[in-house]
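S.K.: I am attaching a structure below and will ask some questions about it afterwards.
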Amino acid sequence: MPASRGAAERGAEPGPRSRRDEAVKSKDRRRARGGDEPEPEGEDGPPVEIVPVRRLLSAAVAGFALLLGVGLVMGAQTAGVGAGRIPYAVVILGAQLLYVFATTMAIRPPAVKVVATVGVLAALSADVAAITSDVASVAPLGLIAAGGLVAGVVGQMVRPEGRMHVSESLGSTVVIVLGVVSFATLIVLTRLPAGTQAIVVCLIASGIALSVARLTDVFAPYPRLADQVPRGSAGIVIGAMLGTGVAAVIGRYLVPFTPSQAAIIGMAAAGAAVLADLTIGFAEAGREQSGEAPTMWLARHMQGPLAGFALAAPVAYVISVFFLVPA
């Protein structure tokens, strides 16, 4: 009997205290053999690959952001009254189509044709509503955005295999529809008092911020925000600061702004633009880390500046309505 009890005790599973003691002894033995040894690779995972900064590509994206900003600002300056806004609507439609193309190719939704079609129809409807509505308001654009989301879900549901990917398709539709509708707010802005001036301040600040942030990555992409994202925090900060400074200078010569007002407005628009651009980079890195194949390089790198201007447009509208339009 004592022998069997001893065998049972030896075969019993060790308690938490004995496991902790064994771990301490094992660590002491490793330290005695040659200091702290690295942990096995299986516990921490494989080393993270550092994505290099492609300087020529960063310069090209900076040029694209600057050209896009110039086109949107110059189009607003030439917009007329009534049907005279149609040329500017054509410029906005071009930016919207680029946004739909780039975002669809980057996100790769389950039903690409459905999502892209809904995005294009929402862009056309939003532009027409922005020109022809009796009151200069974003309320019709909100209804169009809601209708686009419903159309995206219905289009996914009618597909034979679509019910398994409704949530993924809805997320992609939300990003695309809200983006194209946001661009249409620039047309509404041209119908508001001081709206065109707000477009000038906000979009110039955003364009400067986006292009300077990318150009800084050409020369000094440091410190890296993440190993998987080839962007530096210095460019983000410098771009936002220069965009704010340029807005303040414009405010000295543009009625009804003052330098301080224009600086605050420009800071909001520039900050939103560079953060949207940076968010796109992190989202793309996350998709690649999850094992998805990289998208075509053109769409992947156009998406950031387009998203930046798409977010800066409603910022300009909100600022105009709350601070510039007389009550």
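Here the Cβ of each residue, glycine as well, is placed from N, Cα and C on the backbone.
Residues or ranges marked as compositional bias 'Basic and acidic residues' in TrEMBL: 7-26. Per TrEMBL, compositional bias 'Acidic residues' is recorded for 37-46. Look at TrEMBL and you will find 1-48 tagged as region 'Disordered'. Residues or ranges marked as transmembrane segment in TrEMBL: 56-74, 86-107, 114-132, 138-158, 170-189, 195-213, 234-255, 261-283, 304-325.
Are these features on the surface or tucked inside, and what are their neighbours?
M.R.: Distant neighbours of the transmembrane segment (56-74): 91-92, 95, 186, 199-200, 203-204, 206-208, 210-215, 217-218, 221, 230, 297, 301-302, 304-306, 308-309; these residues of the same chain sit at least 6 beyond its ends, with a Cβ under 8 Å from one of its Cβ atoms.
Listed by sequence, the residues of this chain that lie at least six past the ends of the transmembrane segment (114-132) yet keep a Cβ under 8 A from its Cβ atoms are 82-83, 85-86, 89, 92-93, 96-97, 99-101, 103-104, 140-141, 144-145, 147-148, 151-152, 155-156, 159, 169, 172-173, 176-177, 179-181, 183-185, 187-188.
Listed by sequence, the residues of this chain that lie at least six past the ends of the transmembrane segment (170-189) yet keep a Cβ under 8 A from its Cβ atoms are 72, 76, 79, 85, 88-89, 92, 95-96, 99-100, 103-104, 107, 109, 115-116, 118-119, 122-123, 126-127, 129-131, 136-138, 141-142, 144-145, 148-149, 152-153, 156, 195-196, 198-199, 306-307, 309-311, 313-314, 316-317, 320.
Residues 62-63, 65-66, 68-70, 72-73, 76-77, 79, 186, 188-189, 231, 235-236, 238-240, 242-244, 246-247, 250-251, 254-257, 262, 265-274, 277, 304-305, 308-309, 312-313, 315-317, 319-320, 324 of the same chain lie 6+ residues outside the transmembrane segment (195-213) yet bring a C-beta within less than 8 angstroms of a C-beta in it.
Sequence-distant neighbours of the transmembrane segment (234-255) (same chain, 6+ residues past either end, Cβ-Cβ under 8 Å): 194, 197, 200-202, 204-217, 220-223, 225, 261-263, 265-267, 269-271, 273-275, 278.
Within the chain, the transmembrane segment (261-283) has long-range Cβ neighbours (under 8 A, six or more residues past its boundaries) at 106, 198, 201-206, 208-210, 213, 225-226, 229-231, 236, 239-240, 243-248, 250-252, 254, 303-305, 307-312, 315-316, 319, 323.
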S.K.: Report, as numbers and ranges, every residue of the chain located at least six residues beyond the transmembrane segment (138-158) whose Cβ falls under 8 Å of a Cβ in that stretch; write 'none' if there are none.
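M.R.: Residues 110-111, 114-115, 117-119, 121-122, 125-126, 129-130, 165-166, 169-170, 172-174, 177-178, 181, 184-185, 188, 314, 317 contact the transmembrane segment (138-158) from elsewhere in the chain.
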S.K.: Residues of the same chain, at least six outside the transmembrane segment (304-325), with any C-beta under 8 angstroms of its C-beta?
M.R.: 61, 64-65, 68-69, 72, 95, 98-99, 102-103, 138, 179-180, 182-183, 185-186, 188-189, 192-195, 197-199, 201-203, 206-207, 209-210, 256, 261, 265, 268-270, 272-281
